[in-house]
Structure formats: C-alpha cells, structure tokens
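Visitor: Features from Swiss-Prot:
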{"type": "BINDING", "residues": "His17, His21", "note": "Zn(2+) binding site"}
{"type": "ACT_SITE", "residues": "Glu18", "note": "active site"}
{"type": "TRANSMEM", "residues": "92-114", "note": "transmembrane segment"}
{"type": "DOMAIN", "residues": "103-188", "note": "domain 'PDZ'"}
{"type": "TRANSMEM", "residues": "281-303", "note": "transmembrane segment"}
{"type": "TRANSMEM", "residues": "329-346", "note": "transmembrane segment"}
Amino acid sequence: MSVLAAIAVLAVLILVHELGHFVAARSQGIHVNRFSLGFGPVLWKYQGAETEYAIRAFPLGGFVGFPDDDPDSDIPPNDPNLLRNRPILDRAIVISAGVIANLIFAYMLLLAQVGFVGIGQASQPGVSIQQLAPEVSAVATNAGLKPGDVILSANQKEFGTSLQEIEALRDIIKNSPGKSIQLTVARGDERLSVNVIPEAKPAGGSIGIGLAPNGKVERRPVSLSKAFSVGASEFQRIVVMTFKGFGQLVTNFGETASQVAGPIKIVEIGANIAQNDTGSLFFFAALISINLAVINILPLPALDGGQLAFLLIEGLRGKPLPNRIQEGVMQTGLVLLLGLGIFLIVKETTQLTTQLEWVQKLFQ
C-alpha cells in the first residue's frame, strides 16, 4: 500500500491548495460554481446550492471553477460578486490563497513531525562517508578517504548528532571551491587529519563523496514549546533550500535539469518512505507542499504567479490586458506545462526497474 499512501499524500496537498482558493473566494462572497479534486472522468459529484463538488479519476491535480468563464451561467455579467468584477486586492487574495494554504499546512506538518514523531538524530557525532564518487570528483579518493570514515570536523567546525550536520558539511564543501579544507577524520580508533581542496563545479565545490548519518538514527519528540521554534527553523530551511534549487535550475540549467522530478518520481520516493520510514512522511509531505507553493508562485503562465503578474500589470496600467493576449499567454503556458508533465511521466516510467515491481508495491 506504499504507493497508494504516497498518492494519498499528493492528493491531500493538492486538496489543501484548492481549498485555499475556494475558502478565500467564498469568504469574500465571490461566486464559485465548481470544486474538483483530480482531473478526467467524474467518479463522484454533489451539487450544492451554488457549487458542484467532484472527485475525478486522476487525483494528481484539481481546480476551482468560477462562473466568469461559464457561457451557460445564469449570473449576469455585471454581477459584483463575479471574480473578474472584484477589486484587484480581492482577486489577488483568491489567487494567492492556494500558495498560502500550502505553506501553512507545511508548517503544521513540520510541527507534527517534531512534536509527535520526533527529530532524527544520529547515535554518534560526526558525518559518515557512505561512498566515494570519483566519477563526480576524485578529490576525496586521491586524499585517501574511504567509505566508513567519519568526518568529525571541517576547518575546526565540529559536527554533532543532528541530521543537519550533513547539510552543514555539504555547504562548507560547496562554498569552498579551490580552497583548502582541513578535515578531522575517524577511522576505527585512529584520528586522521586530511586536507582536501574541493574541485570547482558549476553548482559549487565538490570532492566526490556520499554522506550519511553516523550510526543509527533515532527520533526524539520535543516539547510543545520547543516544537514551534524547531518547526519554524525547519520550515525556513526548506523554503530557502527550495528557492536555492530553483535558482540553480535557472543559472545552471544543464546540470540541474536532470534532477527535476515529475509525479512518477515523487510517488516513487514517497512510496519508498512509506514502506521503509513512515516516520518521515510528515517531512516528505511538508517538503512537497512547500515545493508546490513555490512552483505556483513563480510568474509563469497558467500558474498562480502568472495570474498575479497579470494583476500587477493591470494595477500599473489602470486596466487589464486585452483578453486575447491573456488567453494566448495562458494557453501557451498550459501547453508547455502539460508537455513538460507528459515528458517527465514518460521518462520516469521508462526508468522504473520493471513495471511488475511498481504494480507489486501497490499491495505492499
């Protein structure tokens, strides 16, 4: 059932996003005629007083429909409660509410992670070298480092038991291309001093190692008062990490484009977590929720950020762009996004080891 659990996580995050739009509109008295979770054929629907609620066959998507675009609507075109007739601020609140809902939900998930499941900590201080990657960089191999070595400090910065120490070491390496880093390394009972000079790569310094926590990872829940601060710290870290990732995609597209994950890959990662480490599902969901928020706020056609960009232009011009221009831009963006989605799905499906294994995971 691990794949179903991962799909359920994605469906919930999409539901939260669309609920943000829906609640923001209804709370302002704006007409909403459709609320749908998923795309494709309708599996279930309910007609409310004004809104049709539906669940569709493919859960990795959803939408909130407004009668503004419905030619069969009985609502007069000049009705003040149509979305298009509302002031710019009201429309901006509705458009941005999905992103805000995803961010709030992500923070709540992180609170649950640290307060109930606990924070992961290694049983011993330091960062373990899990493997060498000479095909990426031969620096570590040439320096004599070996799998199983434990890095205790880098440039006199000591590493404790927190799982964030791995990221701290990566940052030191990434930010020091061509500069000497003095490592204190434990190999059995020995203490070694190893000097490495990270090789300059487009994404920063690299020495060609894979890192892991040192020893068994244990989770320890924190008090409620501490959970808020720790959750906020984790939230900030993930948001910054996400924006950095998108920044690298723009500045170094050739090397980072291959790391972009589509829905198949995300479900595969989520299924592995659900099967092997269910305690990390909250963190996984928070990470995807923040990514969903950041992606949607980008000023790209067919995304929330693109619609906000149109509102900004309208505010500066004093009137909206002609409908034909807006529709042309949005349709072009939608085609490009659908094309990218189909490409990622096809690529990731072919990369699965075998379709039989993938189907079998549905029942594990």
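Residue 1 is the first one shown; counting continues down the chain.
Glycine is treated like the rest: Cβ placed from N, Cα and C.
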Visitor: Restricting to the same chain and to sequence separations of six or more, state which residues have a Cβ under 8 Å from that of His21 (Zn(2+) binding site).
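Guide: Set apart from His21 (Zn(2+) binding site) by at least 6 residues yet with Cβ under 8 Å, we have Val64, Val94, Ile95, Ala97, Gly98.
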Visitor: Over all shown protein chains, what is the count of other CB atoms within 10 A of the CB belonging to the residue listed as 'active site'?
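Guide: A count of 20.
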Visitor: Tally of helix, strand and coil residues over the domain 'PDZ' (103-188) according to DSSP?
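Guide: DSSP composition of the domain 'PDZ' (103-188): 30 helix, 25 strand, 31 coil.
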